[in-house]
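Here TrEMBL flags 222-388 as domain 'Helicase ATP-binding'. According to TrEMBL, the feature Zn(2+) 1 binding site maps to C451, C454, C490, C493. Taken from TrEMBL, the feature Zn(2+) 2 binding site applies to C460, C463, C477, C480. Annotation comment: TrEMBL describes 485-650 as domain 'Helicase C-terminal'.
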Amino acid sequence: MTEQYARIIIDISHEKVDRTFDYRIPERLSEEVSVGSLVLIPFGKGNAMRKGYVVGITPHADYDKDKIKEIAGIVTDSVTAESLLISLAWWLKEQYGSTMNQALKTVLPVKQKIKPKEKKILRCLLKPEELKKALEEAERKNYKARFRLFQAFMESPMIPYEIAVNQMNLSSATLKPVIEKGLITLESEEVYRNPITLKKSHAQHVLLNQEQQTIVDAFQRDYSENIRKTYLIHGVTGSGKTEVYMELIDRVIQEGKQVIVLIPEIALTYQTVMRFYGRFGSRVSIINSRLSAGERYDQFERARNGDIDIMIGPRSALFTPFSRLGLILIDEEHEGAYKSEVVPRYHAREVAEKRASMQNASLVLGSATPSLEAYTKALRGEYSLFLLTERAKKDSRMANVWVADLRQELKEGNKTIFSRPLKEKMEERLAKKEQIMLFINRRGYANFVSCRSCGDAIRCPHCDVTLTLHNNRSLVCHYCGHTIPMPNECPSCGSPYIANFGVGTQKIEQMTKKMFPSARILRMDLDTTKKKGGHEEILTAFSEGEADILIGTQMIVKGHDFPNVTLVGVLAADLSLYTPDYRGAERTFQLLTQAAGRAGRDEKPGDVVIQTYSPEHYAITTAASQDYPAFYEQEMVFRRMMKYPPANVLLTIQFSSKNEEALISASEAVAAYVTPLAEKEMVQTIGPSEASVYKINDIYRKILYLKHVNYDILIKIRDQIDGFSENRPDLFDLVLIQYDFS
Ligand SMILES: Nc1ncnc2c1ncn2[C@@H]1O[C@H](COP(=O)(O)OP(=O)(O)OP(=O)(O)O)[C@@H](O)[C@H]1O
Ligand SMILES: [Zn+2]
Ligand SMILES: [Zn+2]
């Protein structure tokens, strides 16, 4: 039998946490020692026994085989959630480039000495028919808040107090009389934690349709045969993905296993949360960014103690300390928010794959617009692909999509932001008292220049991304640094109508008021949602029919179900098309598809009008025909040609410093150092060039890109750069280097 060695980190309070030590695995332990094991090892000169975490197993030790020591024993019950997470941290460090401390902070919630807040829940004491009566009465008397409360109880017999107050905007003035009348009770956490005292949920179960059932059956078959893999559910908007998730979860928790459900923060609305509560009761916990570190810690404690089986939350829920993990689900798998913006810059999808494999769990990804990464893997057979092609709700159909050419509108003298088809349809809806959503897909920063006559945006000839306007004078490429002066007329058609593009939601609100003076308008953007609960307040008001038109950024397109919305207008689809990075078309397709998914979700048929200066762009045409495979084909041609992900792996190396000179010399030194290595490995290098925002808070930033098909080669080069920079403090003392793989 070949020898096996374990890579071990000595307990994590030790300062040498950034390196591993190799130990031989004695034959008697060969079955038991695995990644994530907590073991006892002789350490140091005196060979004192220390605890260590196994983070890897290898047939080749990095140490003289004759001198290598042996693992002495295994700590009983050693594969705990904690030791697994520590191994996962090591993987994060190696994979994404960070210190072990940064990685540990990511996976282990910081213990804080905060007195845990008392958790309370509201419980409905009414029988279903009484509840229905109460709901009708609240409606008749126009008690809006009370109506909302009872409506929520229709879905779940209990509601966490925090959700009632912060997400449903119920005040104690509303709750107190209802409690005093004995219709509901307010209970403390002890009760909340005890599942036995809870009434069985009276949420209705839907009967799955054929397509949904096929997925559930296939998953069940695999699961019972102990086959664990990754599934991608490509389901159109409203196709009932959430219902499928709940069936899968049910199956897995019945085996005594635990489940992590990732949902982007923005889609983690109380409707979504209540659907899960309604079905699984108090075995569910939820974390979100509004929780304090202490509260988050508490929720993770409940998970560790086995008080819950299901954790729902954004990216960070991935590190829930479940030791019996059976399934990870990632909804809206394509969402940008799954990528961490702080070191280690991990992607939740990749970490989920790793964690699932460590704990023999399955992974399910779902989206109406899968990321190119996931879809590529599905086509290669690495993931199992399932389709949901139709809306699940009876009598609900996909919306009709119209494309309005803004160039033509301008030519024919229409200088407003509303194309004639959109205006016409809006008037129609307002007359019929149906609701409208106007959507502006502005992504914070999009300082590109385009032509209002022909629609062309000015692009870099080398990188095929839009150039960014600097000081109103020059146009710069943030991949390669290519710079041209700001032209006076359109390079394609000569029109003088060129300008940087970007209208705020506030401006749009004013223009909408002017055009439709009698319409009631709500606006949802960063400004209007800043205060706690602002988000839910606006959505609730809109769903209760307090406005005819909701104007907003991408916030409004996420997973909301408004049955009375029959028209969605996308005001300028080009805004996301021409962001200065290679994902512009993908993001546009996603946003348009999601926006279209908001219209006509009930029986009333829906229309979508997409206004654009580039009606022939494939991201627009394929979104209009709701043809994801066609979009994928065309976008992949571009990615392959330009060697962008997922055709290649892109390593972004960011240098930052307060000292501009130090920054320039360090980034150039790395570029010079890398060039021969890159040539040898056929790695393409680009830059260093200035970051899209060169200076933030007095810190300058430069970027160097490396592209190659093989991740491991780029990791090797990154490690060499790390070695190089460590040996040159003269160059790198004032400069921080960070890595980002995509
Ligand atoms: N089999 C079914 N029969 C009847 N209604 C269903 C069925 N499955 C789902 N629905 C209903 O259809 C609507 C959409 O379902 P769900 O929210 O699960 O879809 P989704 O794919 O997650 O939607 P999206 O991603 O667009 O938000 C919900 O109101 C849900 O209750
Ligand atoms: Zn032009
Ligand atoms: Zn360029």
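Backbone N, Cα and C define each Cβ position, glycine as well.
For C477 (Zn(2+) 2 binding site), the nearest of the binding-site residues by C-alpha distance turns out to be C451; the candidates were C451, C454, C493. Sequence-distant contacts of C493 (Zn(2+) 1 binding site), defined as residues of its own chain at least six apart whose C-beta falls under 8 angstroms from its C-beta, comprise C451, S453, C454, D456. Under 6 Å, Cβ to nearest atom of ligand 2: this is the test, and of the binding-site residues C480, C490, C493 it is passed by C490, C493. For the pair formed by C490 (Zn(2+) 1 binding site) and C460 (Zn(2+) 2 binding site), distance between Cα atoms is given as 14 Å, rounded to the nearest Å. Comparing the binding-site residues C477, C480, C490 by how many other C-beta atoms lie within 10 angstroms of each C-beta, the top residue is C477.
Taking the mean position of the Cβ atoms of C451, C454, C490, C493 as the Zn(2+) 1 site, the remaining residues of that chain whose Cβ falls within 8 Å of it are R452, S453, G455, D456, E489, P491, S492, G494, S495, Y497, I498. When the binding-site residues C451, C454, C477, C490 are checked against ligand 3, C477 have a Cβ within less than 6 Å of one of its atoms. DSSP gives C451 (Zn(2+) 1 binding site) a strand state. Model confidence over the domain 'Helicase C-terminal' (485-650) stands at 86, taken as the mean pLDDT rounded to a whole number. In this view, C451 (Zn(2+) 1 binding site) is surrounded by 23 other Cβ atoms within 10 Å of its Cβ, with every protein chain counted.
Highest local Cβ density among the binding-site residues C454, C463 belongs to C463, counted as other Cβ atoms within 10 Å over all protein chains shown.
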